Amino acid sequence: MTTSCSSQVRQNYHQDSEAAINRQINLELYASYVYLSMSYYFDRDDVALKNFAKYFLHQSHGGRGHAEKLMKLQTQRGARIFLQDIMKPERDDWENGLTAMEFALHVVKNVYQSLLELHKLATDKNDPHLCDFIETHYLHEQVKAIKELGDHITNLHRMGAPEYGMAEYLFDKHTLGSSES
C-alpha cells in the first residue's frame, strides 16, 4: 500500500530539489552500475587484472553508497523517493584499463557537474542544509576522484598503454596493487 500523505517533517525543501535529488540518485546508481560492469570485466579469466577489478568494485560500492546517502536525505527532509530505470552501461567489453579509466573519468565528471547544478538549485531555493550536505559529503570527494583518475590515465599513457600490454599488467600490480592493505 502506498500513501501520498504530505510529510509532517518537510520544511524548506522545494519540490525542484526533491526531483533533482531523485535524478542524482539515479545518476549515482548508474555510475555504480558502470563501475560494477568494469570490475567484472577485469575479473574475467581472459583479462585477469585483479587490481583493476578491485579498484572498480570499490568505486561501484562508493557510488551505491552515495545513492543511499541521498535516499536517507530524502526521507530525513520529508521528501519522497521515486526510483527510475538505471541505464545500461554503454558497453560490456571495456577493451583495456586505459579505456575503462577514461570512461570512468567521463562518468565522475558528469556526476560532479550534476552535483554542482544541484548545489546551485539549493542556493537558488535558499536551502542551506542541502548546500552544506552536498559540500560536506560529495564535492570534495568528487574532485579527489577526478584527480585520481586523471593521474591514473596519465600514468597509463606514460607507460605506453594500451599499445604496450605489459603497461597494464605493471600498473595493475604496482599502482593499483600497492593500495592493498
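Placement of Cβ uses the backbone N, Cα and C atoms for every residue, glycine included.
Note that the structure is a prediction, hence the values are computed from the model and not measured.
As written in Swiss-Prot, here are the features:
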type    : residues : note
MOD_RES : M1       : N-acetylmethionine
MOD_RES : T2       : N-acetylthreonine
DOMAIN  : 11-160   : domain 'Ferritin-like diiron'
MOD_RES : S179     : phosphoserine
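Counted with DSSP, the domain 'Ferritin-like diiron' (11-160) comes out as 115 helix, 0 strand, 35 coil. For the domain 'Ferritin-like diiron' (11-160), the mean pLDDT of the prediction comes to 97.
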